[in-house]
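Enquirer: Quick one: structure below, then a few questions.
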Amino acid sequence: MSGSRYPAAVDVAIVGSGPTASAYARILSEEAPGASIAMFEVGPTVSNPPGAHVKNIEDPERRSHAQRASEGPGAGAETVNSPGAVKSGERRARPGTYLLQDGYVFPGEDGMPVAAMSSNVGGMAAHWTAACPRPGGTERIPFLPDLEQLLDDADRLLGVTTHAFDGAPFSDLVRERLAAVVDNGRKPAFRVQPMPLAVHRREDAGLVWSGSDVVMGEVTRENPQFDLFDESLVTRVLVEDGVAAGVEVQDRRSGATHRVSARYVVVGGDALRTPQLLWASGIRPDALGRYLNDQAQVVFASRLRGVTDLQGPPAAGGTLSEQSGVAWVPYTDEAPFHGQVMQLDASPVPLAEDDPVVPGSIVGLGLFCAKDLQREDRVAFDNTVHDSYGMPAMRIHYRLTQRDHEILDRAKREIVRLGKAVGEPLVERPFVLPPGASLHYQGTTRMGETDDGESVCSPDSQVWEVPGLFVAGNGVIPTATACNPTLTAVALAVRGARKIAEELTSALLMSESDNRMVK
């Protein structure tokens, strides 16, 4: 392929560069170090090392530029810094993301008016809040006996800790006040506790937020068999004789299209673009794009009572500082929402000029609700209309059921109760964010125990009836969840990557054995 920056053939082609795609690269680098790997990302590299969280960029102007560069076809549109700033009827994306231009709602449906995506190396992990709670109760996938070990592996890859904000002023106080109204009757694992976060501290005590760079790790970056190609749009997965055979990729710099052969293909985009690519490739299992689910989100704010300024250091470009803390109210089947309680540096609503805010005393509360899963909730594709990348246009069909509305009503009452327990509410009533605001879209390439038409892939994430093709990302999660899905999605990616590594290693051993027999 003269003039191409891409290899003619690799062992594994990975589409996407978010946490799950990066988990495949990491596990393969660790467990199949001889395998050649090519990773393709449609967006540009916006941080250093590639995939790093933009919050780690200290210069505000450079950070803003990285966010704009991640917004793909939506670059230049007006954004909002927090989901709670989106008022009813307004469609604005958060920095680093962009919204669907059309097809996000249809008459008689709720739709997903603020469904968003990112196009950059690292995907949304360059912009996320880094919350990594473990699933509980019916959030857990019942047919994976090794799920707990896989979650441990995901913790390792993401660099998860519950100690990032140890010693933050008022964080103990917030948890104590929440626990007083939450913990009764709950098992220890489901009581109020610090939020597990993918973040660590430098030697100078500064915060470093995990992005895909942390998931990849040095073992991937130093792997001579691994290559990352940015500004590269994969337009088709190639299938020969029913088996994955490679990808067709368009170089966004030159416009030229190239074929890269591969023994395995991993499609690790988001829950909207992964099924889009499979559809465009003619790979269309019955469940593809179906069981789409978002987490309805309710937000509220309170102010801590009886606290004084402790004069800590200011924030460095994020909503969290040394005065901050993040408390977690875990999901339970009895209370089917996940609580994320963050101490903020500023009030989300105006306060009196003579009433200065004590840093860390403003508490933002959010409850995420598990969806009532429906087969009819789906992202469909229109072959007659193309999106900004020339791919089949997305058409989202999505409704909140009666049960969803009942859970939302419960969540609204609960968040007010929690807000009053913490302090003085800053607003009269909670605000329900528009569908899509959670950014936690799942189910569109869902995993299943058997090929029964209700799932897209096996417990190893291999697409049914297409050997060698694997899917990754939040879309693989088959259960209704309220907790942040990244940890679970990375755990599932670890399982799939190990399946590929095992097969590659087995094939290598067989080849070496055959060579010895010939000699």
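Glycine is treated like the rest: Cβ placed from N, Cα and C.
So Swiss-Prot has the following annotated:
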type	residues	note
ACT_SITE	H440	active site, proton acceptor
BINDING	E41, S118, N120, M124, T129, A131, V234, N474, T486	FAD binding site
COMPBIAS	55-64	compositional bias 'Basic and acidic residues'
REGION	43-93	region 'Disordered'
Enquirer: Between T486 (FAD binding site) and H440 (active site, proton acceptor), what is the CA-CA distance rounded to a whole number of Å?
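Expert: The separation of the Cα atoms works out to 9 Å.
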Enquirer: Per DSSP, to which secondary structure element type does V234 (FAD binding site) belong, with helix, strand and coil as the options?
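Expert: In the DSSP reduction, V234 (FAD binding site) maps to strand.
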Enquirer: What is the number of residues in the region 'Disordered' (43-93) that are helix, strand and coil, as DSSP sees it?
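Expert: Split by secondary structure, the region 'Disordered' (43-93) comes out as 19 helix, 2 strand, 30 coil.
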Enquirer: Would you identify which of the binding-site residues N120, T129, T486 has the most other C-beta atoms lying within 10 angstroms of its C-beta?
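Expert: Top count of Cβ atoms within 10 Å goes to N120.
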Enquirer: Restricting the comparison to the binding-site residues E41, N120, V234, which residue's C-alpha is spatially nearest the C-alpha of H440 (active site, proton acceptor)?
Expert: N120
Enquirer: Name the residues of the same chain, 6+ apart in sequence, whose Cβ is under 8 Å from the Cβ of E41 (FAD binding site)?
Expert: G16, S17, N120, V121, G123, L228, F229, D230, E231, S232
